[in-house]
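Features of the protein shown, as given by TrEMBL:
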SIGNAL    1-20  signal peptide
REGION    19-46  region 'Disordered'
COMPBIAS  28-46  compositional bias 'Polar residues'
DOMAIN    52-290  domain 'Sulfotransferase'
ACT_SITE  LYS61  active site, for sulfotransferase activity
BINDING   LYS61, GLY62, GLY63, THR64, ARG65, ARG144, SER152, TYR252, LYS267, GLY268, ARG269, ALA270, HIS271  3'-phosphoadenylyl sulfate binding site
DISULFID  CYS253-CYS262  disulfide bond
Amino acid sequence: MAAVLLGLLLFAMQSPPVPSRPMANEGPPSTSSPTYNDKTTSHPNGTLQQLPQIIIIGVRKGGTRALIEMLSLHSAVAAAQNEVHFFDWESHFQKGLPWYLSQMPYAFPDQLTVEKTPAYFTSSKVPKRIYQMNTDIKLLLILRDPTGRVLSDYTQVFYNRLQKHKRYQPIESVLVKDGEINLGYKALNRSLYYVHMQNWLQYFPLESIHVVDGDELIRDPFPEMKKVERFLKLEPQINASNFYFNKTKGFYCLRDHGRERCLHDSKGRAHPHVAPAILQKLYQFFHEPNKKFFELVGRPFNWK
């Protein structure tokens, strides 16, 4: 199935121990750094903008768009439509929390606000900044098999360059250099999950981070979304009837109060063909990093 995209990778390097307590806080610049108490902006119709109580922190090409769309099926959730990039883009972060608040959707007081920016997970400065905003925030991290995630990452860049009539490199040339895995390829680093996860665990306990199995979300979304509901302590509301398999697209679409919608056609693109020998190198490369990630989060995933 074209949509059954796998992806994820981790670096087989030894990282320093994870501190048991958060490190020193770091916030937005003092010229525009409201406290977390300044967290709402109201509207005459009774709705308000509020800083998110939930953030989908990643990972890129892991299924973040599918996750936020599925989470939006719940009536108690209000989702920001665009990736905000507040905590990882300095040009946005310098604008302070009032600007971040202005990017949030209007929601009723009993709703939870969620935003998603996949680049947060792999940005070393983001965990500290989010912790300074709200130490009790709920974080959702959706991951897929590292090898498949790398291929999806390449596929997205390939089509973007193709549409802009720019040159692109064959996938073999970016994955392998001098007969070995090319450690300089940025997409590989994004899949080194345990390296990035250790950074988050310096600030947030594991209980604050729910890891969604992106491969399972593609294969059978309903069970994964029930786990998300429980983690967020939401009243059970998302049902199996909210999902239907679209044979034309090759992946699940959503049904909400009789209205059907699917993800954009850019989702579920077929991966380029990769020689089996190169795939085997990738599987071997990720073997040890994957084991370290499983130990870190206390659960295994069905990754090669």
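Each residue, glycine too, has its Cβ placed from N, Cα and C.
Predicted, not measured: the structure shown is a model, and the values here were computed from it.
Recorded features from TrEMBL, shown on the structure.
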residue : record                                     : Cβ neighbours (10 Å)
LYS61   : active site, for sulfotransferase activity : 27
GLY63   : 3'-phosphoadenylyl sulfate binding site    : 30
ARG65   : 3'-phosphoadenylyl sulfate binding site    : 18
SER152  : 3'-phosphoadenylyl sulfate binding site    : 26
CYS253  : disulfide bond                             : 17
CYS262  : disulfide bond                             : 16
HIS271  : 3'-phosphoadenylyl sulfate binding site    : 18
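Counting only the Cα atoms, the space from ARG65 (3'-phosphoadenylyl sulfate binding site) to CYS262 (disulfide bond) is about 11 angstrom. Reported as a whole number, the C-alpha separation between CYS253 (disulfide bond) and GLY63 (3'-phosphoadenylyl sulfate binding site) equals 13 Å. Each residue contributes its Cα atom, and for the residue listed as 'active site, for sulfotransferase activity' and SER152 (3'-phosphoadenylyl sulfate binding site) those atoms are 6 Å apart. A straight line from the CA of HIS271 (3'-phosphoadenylyl sulfate binding site) to the CA of CYS262 (disulfide bond) spans 20 Å. On the backbone, the CA of CYS262 (disulfide bond) and the CA of GLY63 (3'-phosphoadenylyl sulfate binding site) stand 13 Å apart.
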